[in-house]
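What follows is one structure encoded as structure tokens, with my remarks underneath.
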Amino acid sequence: MNEVYAFDLKRFWINRALRLLPLYYVVLAATLAAILVLPAETARFSAHWAGPNFHDLCLNLLLLPMMNWEHGFRLVMAAWSVAVEILMYAYLAFGFARRKSYATLLFAAAVALHALNILGGDGWHTRYFDPHSATLGFSIGVLIYFRRKERRPRVPTRAILPLLALWLANMVCGGWVLSDEYARVEGFYLNTVIGAALVAALSDCRPAAAVRVVDGYLGELAYPVFLCHWLAGFAVAMAFFAPDARGPGFALAAILASLALAVFMAPLNGRCIEPLRRKIRRGERVVTAPLSPEAGAQAAARA
């Protein structure tokens, strides 16, 4: 926002829309087609795909209403997260990313919101799924940015492995050792702190070129996987299991199918959308991006 766009909100919003929306609508259309062709099977696979109507379709097309979980029909299960991300961009565009003092105010408001929710006994659903709860993580990210600009003492890169070990231990404790209450209170906020420290440490990490290429390629796969994993799971269930399949074997097969779909979607997005995004972001001449994963990742890393 500060360095790439210099708070040119028109360029910022066009670029964010091109990043988030084309793939979202591709997955939405594919899921809608599956529901229209196989309504009984899709309803068995997920209650969120049962009994659609025109109003439901309009809400999914608009996307932003999907941050409210009262709308049960969801063509793309990740729509909630994408809508919340857009809301957080609005906070940043409003000015909270302009100065450290503004980001500090947003962070203080986020801490107060979470504290009031805990003290009021509002429960996990409010603290996690309320759209404004995400201001905690986003404000921390902005503060990390300003701290790096000030060249103050940083989290050393040698702390990355210990932080990863601590993050893994916290995940194991929350998932298998300690109670659900730990996972949703202490474990959740400890995870936020560890994640912030990891981001700060990794921001100063300068890995080898080959590692950067792999990292860039995996980064390009992340968003397509995030969007299509339910649709990929349904395809796997229909091909090898049953429409209401669950369990470790099904989950593993669905993950592999999601990755396979993402390997197809990411380079297509890189060829059709990314050149335009680079032009808007930096004013570069639009060129045709390569389709190979390796070349595509190199281009993404340079951008």
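Glycine residues also receive a Cβ, built from the backbone N, Cα and C atoms like all the rest.
Feature annotations, courtesy of TrEMBL:
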type     : residues : note
DOMAIN   : 7-265    : domain 'Acyltransferase 3'
TRANSMEM : 21-40    : transmembrane segment
TRANSMEM : 72-94    : transmembrane segment
TRANSMEM : 101-119  : transmembrane segment
TRANSMEM : 131-147  : transmembrane segment
TRANSMEM : 159-177  : transmembrane segment
TRANSMEM : 189-209  : transmembrane segment
TRANSMEM : 221-242  : transmembrane segment
TRANSMEM : 248-268  : transmembrane segment
Intrachain neighbours beyond the transmembrane segment (159-177), with Cβ under 8 angstroms and 6 or more residues off its ends: 183, 187-188, 190-191, 194-195, 197-198, 201-202, 205
Per Cβ pairs under 8 Å, the stretch of 72-94, 101-119, 131-147, 221-242, 248-268 packing most closely against the transmembrane segment (21-40): 221-242
Beyond the flanks of the transmembrane segment (72-94) by at least 6 residues, Cβ under 8 Å: 1, 7, 9, 12-13, 16, 20, 24, 27-28, 31-32, 35, 46-53, 56-57, 59-60, 63-66, 106, 129, 131-132, 134-135, 138, 142, 226-227, 229-230
Stretch in 101-119, 221-242, 248-268 most in contact with the transmembrane segment (131-147), if contact is a CB pair under 8 A: 101-119
Long-range Cβ neighbours of the transmembrane segment (221-242) (under 8 Å; 6 or more residues past either end): 19-20, 23-24, 27, 30-31, 34, 38, 41-42, 45-46, 76-78, 81-82, 250, 253-255, 257-263, 265-266, 269
Confidence summary (mean pLDDT) of the domain 'Acyltransferase 3' (7-265): 91
